[in-house]
Amino acid sequence: MHKVSRGFIYFFGALGGILFGYDTGVISGAILFIQKQLHLGTWQQGWIVSGVLLGALVGAIVIGPLGDKFGRKKMVLTAAVIFFIGALGCGLAMGFWSLVLFRFILGIAVGGASTMVPMYLSEVAPAEMRGTLSSLNQLMIMTGIFLAYVTNYAWSGLYSGWRIMLAAATVPAAILFIGGLFLPESPRFLVRVGKVDEARGVLGQLRNADQVQAELTDIEEKAKIKMGGWGDVFSKVARPALIIGLGLAVFQQVMGCNTVLYYAPTIFTDIGFGVSAALLAHIGIGIFNVIVTAIAVVIMDKVNRKTMLIVGALGMAASLFTLGIAMHYSHNSMTAAYIAAIALTVYIAFFSATWGPVMWVMIGEVFPLNIRGLGVGLSGTFNWGANMIVSLTFPTLLAALGTEKLFIGYGVLCVLAIWFVHSGVFETRGKSLEQIEGYLDERAGVAAKN
Ligand code: BGC
């Protein structure tokens, strides 16, 4: 296979994130048109929106573990094919049921990519740059969301524009597949399946010549451990990793990130922006998100992950409390309405700079090699499950509690997240994946073998 540059490997390794972002982001605009053309009621719209979430929940738990069996690269390619079929099917869908079916299929790819991309990136990156390189995933997610907003805006004048909005995802899916063909397999997976020479070759591509042997020896040591099953995921050794994986996955969602993103255009129309200005403001938020995430990518290996999570949750809590109080007064005070808009923007900045990227980075790095696919898959499924629960309960809770109480409620969960990070998360920055695994062994009292 033709040898590609490191930049190529990191770019295409992360590219699956674009489809994750695009396919989850595009529906907020497209649904307005789908609903009119297909004459859909609210529950039907709900199914079309959450079809992807349901598919992702399944995709994470199926494709994650398959990555341990067939390799990370093959599963990235598989996800690209499913992305393509799902996007094309959505664009051509004849009615409600076929649209739900193809959104579900698309979701399987989204869930698969959400587990495979962080795993692949964390396994090819050198320890001292793993945070930055793994968080390229989130940068791609945000770029995908931004591209979706732009596509929505560009095609909003056309009656059947939603078909183009949904089918446009076939383009990055095809690019991912073609680029993915040239990606090397993860060296850690290669050692795991006994292809040590091939792994040496890949590490030679990714590291300076004098670093290869030491890293290979470390990986070989860990790869000697028997391939794990579900029992091992819940074992004493893996427990601290599992707590981090599941805890971060659930907290990332219950702190309300998607509801705030979803609610942003409404807040902007509430403070007097017209509908198209609100859509443009949405695009503005999209660009802002990409910029803030890019900053996170740069600082990721300079600041401890735990610090980022704690500062992020503090900032998110403070902005949600401000948002809740300001929303309370926003109907009769323009100042309060502007404060609400600023608080919302600050919330998004804190999320995009911290919990957005750090959660996926840590999920990709905390699990031992012999159960990595299972652990990452299960954490991904918890993240998608929590996403679905929050999205489905949001309209009902909003009606029952109102924006003030609801956003304050999400703020309280941010405070709980600080406690969780403080007491349940260990630091991973700067350590190799094998050192992280060694730490888990030590904690469980298993004597390291050398
Ligand atoms: C989250 C998604 C979210 C996206 C953009 C990801 O890290 O897992 O639920 O939609 O960031 O905010």
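Any Cβ shown, glycine's included, is placed from N, Cα and C.
What TrEMBL says about a protein is an automatic prediction, not a curated fact.
Features as listed in TrEMBL:
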type	residues	note
TRANSMEM	7-34	transmembrane segment
DOMAIN	9-429	domain 'Major facilitator superfamily (MFS) profile'
TRANSMEM	46-63	transmembrane segment
TRANSMEM	75-94	transmembrane segment
TRANSMEM	100-121	transmembrane segment
TRANSMEM	133-155	transmembrane segment
TRANSMEM	161-183	transmembrane segment
TRANSMEM	241-264	transmembrane segment
TRANSMEM	276-300	transmembrane segment
TRANSMEM	307-330	transmembrane segment
TRANSMEM	336-363	transmembrane segment
TRANSMEM	384-401	transmembrane segment
TRANSMEM	407-426	transmembrane segment
Any chance you could find the range in 7-34, 100-121, 241-264, 307-330, 336-363 with the most Cβ pairs under 8 Å to the transmembrane segment (46-63)? 100-121
Which residues of the chain, 6 or more past the ends of the transmembrane segment (407-426), have a CB below 8 A from one of its CBs? 240, 243-244, 247-248, 251, 254-256, 259-260, 305-306, 309-310, 313-314, 316-318, 320-321, 323-325, 327, 362, 397, 401, 439
Per the Cβ filter (under 8 Å) with a sequence gap of at least 6 from its ends, the transmembrane segment (384-401) is approached by 46, 49-50, 53-54, 56-57, 60, 111, 114, 249-250, 252-254, 256, 258-259, 262, 409
Same-chain residues at least 6 beyond the ends of the transmembrane segment (336-363) with CB under 8 Å of its CB atoms are 114, 117-118, 122, 130-131, 134-135, 137-139, 141-142, 244-245, 248-249, 251-252, 255, 257, 260-261, 263-264, 267-268, 270-272, 285, 288-289, 292-293, 295-297, 300, 305, 308-309, 311-313, 315-316, 319-320, 322-323, 326-330, 375-376, 379-380, 383, 425, 428
Mean pLDDT across the domain 'Major facilitator superfamily (MFS) profile' (9-429), rounded to an integer, is what? 93
The recorded stretch from 75-94, 133-155, 161-183, 307-330 sharing the largest number of CB pairs under 8 A with the transmembrane segment (7-34) is 133-155
The transmembrane segment (133-155): which same-chain residues, six or more beyond its ends, come within Cβ distance under 8 Å? 10-11, 13-26, 28-30, 117-118, 121-122, 124-125, 161-162, 164-165, 168, 172, 261, 279-280, 282-283, 286-287, 289-290, 293-294, 296-297, 300, 352, 356-358, 360-361, 364-365
